[in-house]
Structure formats: C-alpha cells, structure tokens
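Colleague: Okay, here's the structure, questions in a sec.
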Amino acid sequence: MTALIGLVSNATGNSTRKKVPLWELLWFSVVANTSITGMNLSLMLNSVGFYQISKLSMIPVVCVMEWILHSKHYSDKVKISVLVVVVGVGVCTVTDVKVNAQGFICACVAVLSTSLQQISIGSLQKKYSIGSFELLSQTAPIQALSLLLFGPFVDYYLTGKLLASYKFSSAAFFFILLSCSLAVFCNISQYLCIGRFSATSFQVLGHMKTVCVLILGWLLFDSELTLKNILGMAIAILGMVVYSWAVEADKQTESKVSPLPKEASEENVELLKQQQQSDGSPLKDVELGKSQP
C-alpha cells in the first residue's frame, strides 16, 4: 500500500524523485525486512514481557550505534532522561519474562537491525538531500516485492501452513485493507520524525504509543489499569518531558559555542580586504587578523 501511494504520487507530480543509488536502496531494504521478520519472530518465540524488554533496549542500542557510526555524543541530561523513559515503560508493560535460545537470538537480530534501519533513514535523507516521503516511495516498492516473494515461504517453514489456505472473508479483507492504510501513515510519520529529529527521539516518542495503548485500552475495551501501570506511565511521561528539555538545552548550548564556518570566515576576510583596498589602507592588518585603529 505504501509503495502504491508513492508510485501514484510520483506519477501525478505531487512528489519529486531524487537519485539514490540502487545498492543503497537494496541494502536498506534487506536491513528493514530483517527488522520486520526479527520483531515478529521475537514476539512469536518469546514471552510478551521479554519482547517488551527487547523493545526497550533499542534506545540505548540506537545511542551506542549512533556514537559508533556517526561519532554522536549525548549529554548527561539526555542519558538520564532516556533512562527514566525506559524505567517508566518497563514498569507499566513488563510482566512475565520467559526466554529461550532461539527467541533470544531473534530478539538480538531484531534490535540490531531495527536500530540500524532507523539510523539509516536519517543518514540517507541527509546524505542525498532527499525528503522523507521521497525516500519512503523508493524503498517501499523494493521491500514490498521482496516480502511478497519470500514471505509465504518463510511462513510455511515456520508454521507448516500455506498462505493460500487462509479463508478470506469480507470482514477479514476490510480489516487487512484498513490496517495497510493506517500503516502508510505510520511509515510516513516514522520517516518524517527521524528525518526531522533523530532515531533516538523517534524511539522515545514511540514509547508514548505504549502509554496511549494502555489508556485507550482502559477507556474503550475495559482493560485493567493497575496502580503499577499508572505509576509507570507517569514516570515515562516525565522522562519524555525531561528528554525534550534536555535536547533543546543541548541545541542552545551548541549554537552558542559553535565556531564560525570556515567558508563564512574566509568570505568575511575577502570582503575586508576589498574594503581596505578601496580605503587605501594596508592589507597586512586584515591578513594578520589585527584590529584596525
């Protein structure tokens, strides 16, 4: 569905198609498909509690991978706020924790591939100066085609059931179509958020979804909401607020101490040289960076 909307948007001229090397798109699609497969296998083989723990581990994993790949550093305020979010979501979601060897391996693969995929979304947008929807419209067709080709065989290997044996009903078809349509907005929001902010910010924001699921489950479906859930949600929301403040404070600090770009300083020196020549003053003062009398 995402690929179809992207193709229609490009055909109608509502979005522009910028050049991204095919090998980059193929590599990204492999990582993204591994993420999807790994997360589903992790949920199938592990308990829900361990699955939630593996999702919570993505924030520190993303931070470490951004530090390794892009030499990105985080202030103590950001680290503390991320820890508060992880603790809060863990308190309100993690219950039974059961793990086995296969499930643990799948969880590790899922966490690493998902973290790498989200970091790659931001780096590809910056590297090729491409918008979030333009990048999504180029990666989605490759992902869709590869999953349609290999997905049924993987399903049969894992479950022993053919996809064609599923009996479609009108209700099932409607909800599958509705799910795919909503997934388009989910995919677009992911690319937008990571492109505008960072993979770490997307992970922190993503845990707000967990809080909303718990609240809406209580409001719409009479799901149980315990004091432990409420306490965990309060801690998580507090961590998100602190994270927003910490990131904004770091931006202001960087803007104050960031040096003048080399290109700008050279341009200013050239303008000063021209001004001194027009005034008949010696150039050596400008070249040596001395103040004029």
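The backbone N, Cα and C atoms fix where each Cβ goes, glycine too.
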Colleague: For the record in TrEMBL, which of the ranges 25-43, 101-119, 120-138 is the transmembrane segment one?
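Modeller: The listed stretch tagged transmembrane segment in TrEMBL is 25-43.
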Colleague: Checking distant contacts: for the transmembrane segment (142-159), what same-chain residues at least six beyond its ends satisfy Cβ-Cβ under 8 A?
Modeller: 2-3, 25-26, 29, 32-33, 36-37, 41, 44
Colleague: Calculate the per-residue pLDDT averaged over the domain 'Sugar phosphate transporter' (21-244) and state the result as an integer.
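Modeller: Average per-residue pLDDT within the domain 'Sugar phosphate transporter' (21-244): 85.
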Colleague: Counting only residues 6 or more past its boundaries, what in the same chain has a CB within less than 8 Å of a CB in the transmembrane segment (171-192)?
Modeller: 1-2, 5, 118, 121, 125, 132-133, 135-136, 140, 202
